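Trainee: One structure follows; several queries about it will come next.
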Amino acid sequence: MASRLMALLALVAASLVAVLLPLAAHAGTTSPSPSPSSSPSAESSASPGASPSGDAGAPQPTIGPDETGINVLLTDSSNLDSEGNGTPIPDVGLTVTDESDQEVGEGVTDAEGRAIIAVPAKGTYTVTLDEATLPEGVELDSDTPSSVTVVARLDGPNNFGAFPIGVVAADTATFADKLAAALVSGVKFGLIVALAALGLSLIFGATGLTNFSHGELITLGGISAYVANRTFGLPVIVAGIVAVVVCAAFGWAQDRALWRPLRARGTGLIAMMIVSIGFGLFLRSLYQYFFSSSTKSLSQYTSQARESYGPIALADKELAIILIALVAIAAVCVALMRTRLGKAMRAVSDNPALAASSGMRVDGVISYAWILGTALSGLSGVLLAINSQVNFLMGFKLLLLVFAAVTLGGLGTIWGALFGSMVIGLMVEVGPLFGVPSSIKEVGALVVLILILLIRPQGILGRRERIG
Amino acid sequence: MDADSTGRAGLAGVPTDPGARKPDPLIVGDNISRAFGGLKAVDVEHLEIQRGVITALIGPNGAGKTTLFNLLTGFDTPDTGDWSFNGKPLSGVAAYKVARRGMVRTFQLTKVLSKLTVIENMRLGATGQRGERFWSAPFKSLWSSQEDEITRRADELLVRFKLDAKREDFAGSLSGGQRKLLEMARALMVDPELIMLDEPMAGVNPALKQSLLGHVQSLRDEGRTVLFVEHDMDMVRHISDWVIVMAQGQIVAEGTPASVMADQRVIDAYLGAHHDTDLSEMDEEAIMEEAMAEIEGTKE
Amino acid sequence: MDFTDIFSTALTQALGPNAIVYALAAIGLNIHFGYTGLLNFGQAGFMAVGAYGLAVTVVVAGLPFGVGLVMAFAAPLLLAVLLGFPTLRLRADYLAIATIATAEILRLVFGSVEMKDYFGGSNGLTGYSSVYKDLNPYSEGIDWGIVRYSRDDLWSVTVGWVLVALGCLIVFALMRSPWGRVLRSIREDEDAVRSLGKNVFAYKMQALILGGMFGGLAGLFLALKQSSVVPSDYSTNITFYAYTALLLGGAARVLGPVVGAIIFWFLLSGLGSFFGQATSGVDPLIPSWIMDDTQSSLVRFIITGLALMLLMIYRPQGIFGDRREIAIDGR
């Protein structure tokens, strides 16, 4: 069985190479101007004033890490992207001064137009923008001052300052254009969610565990890719493959070291669920420890111009993400349907006791489910990192949407997970066109999650169980 | 109602047909059906349970006995069907209300509350407790006298079921047979008119079986109606007054234990494989025993 | 390294307003999870509606403080009812997902730009607590060496521990009654309870409301003691920390959540100031290439995660609990 699984992983990895390779040619020609990296993650902020991305799990003021930071988002509101958010302006210098005009920190905006500048303590600060560093063709609006006052009341990077720049341009995009763009984003996001959901579903099917540390497995993919890419200098594509392998290994290791001993002790599922919460908290803090709480980019494909394909426009990396996800999902589905291991997994998921009594090595099958499930989630993290950026909370923020996707389709069913993910992806991206406030576009998906639980708790494609 | 139509005496003239009318029925049901996916788990045209007797519900695995139990007690919702209890309609009534009306069940896999002591398990059974209401619960004086009365009743039952030595033990520490006894005793705290036992003999060691049989009979003797699902043919033969046989969701036969065990339809239902053996050469009871053995074998 | 300072910081926090917030939230979770077996992972949501119930009523609607207090109790009650109807019939893990999603929806909506006029966006709301502050009878704070509180904190500590004591009294009175017996039975096996004629749904709803209102009280107290309501105060992590506190002290015990919250905060701030001191100064105890100042504040959260795992695995009954009567089976 081992060889089969390795073959399967190799297939996923190979597809990663195959689709990404043509992209490498474009690496040198990335255009610096408008970045198409609309945020498909559960990130809640692209518009000024919204709560910045950190707060889903950022330690709250009363207990947070002692560091305090000011989060500045610089966007060009005369140049709106497909979602009506201003385009970010990178490489602009900012300085922070305290109330006595002492300079306490400085920063430069990143590709997302964001800079997080640490300040020594809570208090009132003034953030000043160095107008000389603004890119050509961008100027401060006549009534926007070049400095803003920020009251740092919170621990963590949640103190917000925003510079709206330029005049808001008239909305020229037609509804059809916006819908097409949103549909494409939705499909892309849905596929990324689907990879993670498939991973969650495999693990749930084999063990019955509702894994609250699953988000951290996604993050592991993103961070591993970042480390392989930035620290070891590997090209992003190679780094992505390395990250998936690292995740697969981690999946095996965590089952061996943690979950298998717990199963052997006969630990109940609810208890295991709480263990997974602790494990998630542990990993999340560990990531923050080593990776810091800032958001970082990979070295390649950070911003690419979108090319037009008929009614839709896609950057090469987005196309690659969609294709890789599709190939990986198809490969896993075919493998689950056709191979002996796949059938064994489904058998264990259906009835572990029966599978065990008919001579199956249940522990072995569960081990493979962890390996494959974690690898898939890792791949989802890698794609998310390529699509936007890497942050220690990237997976945690996705977790509820993954749960929503899996619950929507029916916990533990493969097709259900895929179906649910696509619905969630589209809802998140298309929702804003129909009146869902774009800063909280995930809310719609979560509301659907609750409605589904209300109407059909077994999920759209799930089955009911008999009691007694 | 004259004395001849009530209790066991009333069963004398009842024809041994599926869905036979009884002179003094406690439960009357019509067209009860429940399907899981494509499979019809229960499809009962007509059902009557005589008051004041012990009725056994038997049938091969997957015959729909437990599902019928779940439906009657409100633990599952039927696709179609109506039934009444004591003349009042009971279909679609929530499980807890069914219990309050006097129809209490036990479970195939015993459901004792293992982190509560035996006596606490018993006290839980009592209905109409003032202390179970939210607003009076914090004030002990409002419910302590009732609690004493409940405890007295619980202790009596524990003595009767020989569990008094275990009074302060956690229910989780009891043996399988003791759990069955506790579940039965706890059900009696509700003071039900009908008590429904789902496989009371499963997992009970032989030494305890005899006393369990005695307890079930004593329930009838104090005027309660008993309906039980059982695979143990000894029990069915010895204590039941009437037997209903189910197969593939339907009632295929009814009658006294002796008549049912001689019924060709019953043997067919249990033993598809023995169709072509010469039945006349085999003792009917032996066939039945063999059938039961086969069922027991496939059970786990 | 100044161990007296570390100890006094830890003790001040362990008995301080933050520990009270967690104690109140964990008392609620104890009713939900410890006694009834309901996996509410959305306690942060109950806290949020309690806090916003007060702040929105006073700041946005301009109504008196007293009305705000009523709303702070009404909002979690309403949330419990709304949440309970669909979710209390669900399996335990589905309930967990539904409640965590609800808490997240609330936090996102409270922090959204679009609702800024009602909830103040990510900056939250301030300016509702003058009545509370004016009631402060103390003229100054205290500094006994081992514990130090400012004047405001001293007032909050007084009010907070009275609330915690009242909460424990209520839980004690309820849980020794037959009502509490029904809840514990539901935790064990709700079908058995149903078969004995108890309206399981109604009991679960009562437990959800009661525990949720303790959550709301925790949020209300947090709002009063820090004079501001900010959405990031009500993140999911809060719920997880409250669970850690509950499991530390022992679930299904009246004083479990209180003891747990005190220990949790003692360790959290003790570890925080220990590593803070160990990494600060010219020649830090721990060299900065191993751990810098920012990282030092994270070690305690790494340990919290580990502690939650290890507790659940090795001592699910909590530090002082009785192995035989625990909410959930560790093995």
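A Cβ is built for glycine as well, from the same backbone N, Cα and C atoms used for every other residue.
On a predicted model such as this, the values are computed, not experimentally measured, just so you know.
Okay, so TrEMBL annotates it like this:
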type	residues	note
TRANSMEM	C:20-38	transmembrane segment
TRANSMEM	C:45-63	transmembrane segment
TRANSMEM	C:69-88	transmembrane segment
TRANSMEM	C:154-175	transmembrane segment
TRANSMEM	C:201-222	transmembrane segment
TRANSMEM	C:298-314	transmembrane segment
Trainee: Could you tell me what the rest of the chain brings near the transmembrane segment (C:201-222), counting residues at least six beyond its ends with Cβ under 8 Å?
Mentor: 17, 20-22, 24-25, 27-32, 35-36, 38, 40, 43, 45-54, 69, 72-73, 75-77, 79-81, 83-84, 88-89, 156, 159-160, 163, 167, 174, 179, 182-183, 186, 190, 193, 233-234
Trainee: In the same chain, who gets a Cβ under 8 Å from the transmembrane segment (C:45-63) while lying at least 6 residues past its ends?
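Mentor: Long-range Cβ neighbours of the transmembrane segment (C:45-63): 25, 28, 69, 71-76, 78-80, 99, 102-107, 110, 117-120, 124-128, 211-213, 215-220, 222-224, 229, 231, 233-234, 238.
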Trainee: Short question: which residues 6 or more past the ends of the transmembrane segment (C:20-38) have a Cβ under 8 Å from it?
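Mentor: For the transmembrane segment (C:20-38), the list is 46-47, 88, 92, 95, 156-157, 160-161, 163-164, 167-168, 171, 175, 180, 183-184, 186-188, 203-204, 207-208, 210-215, 217-218, 221-222, 225, 238-239, 241-243, 245-246, 249, 251-253, 256-258, 260-262, 264-265, 327-328.
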Trainee: State the residues, same chain only, that lie 6 or more residues beyond the ends of the transmembrane segment (C:298-314) and have a CB under 8 A from a CB inside it; answer 'none' if no residue qualifies.
Mentor: 240-241, 243-244, 247-248, 264, 267-268, 271-272, 275, 291, 330
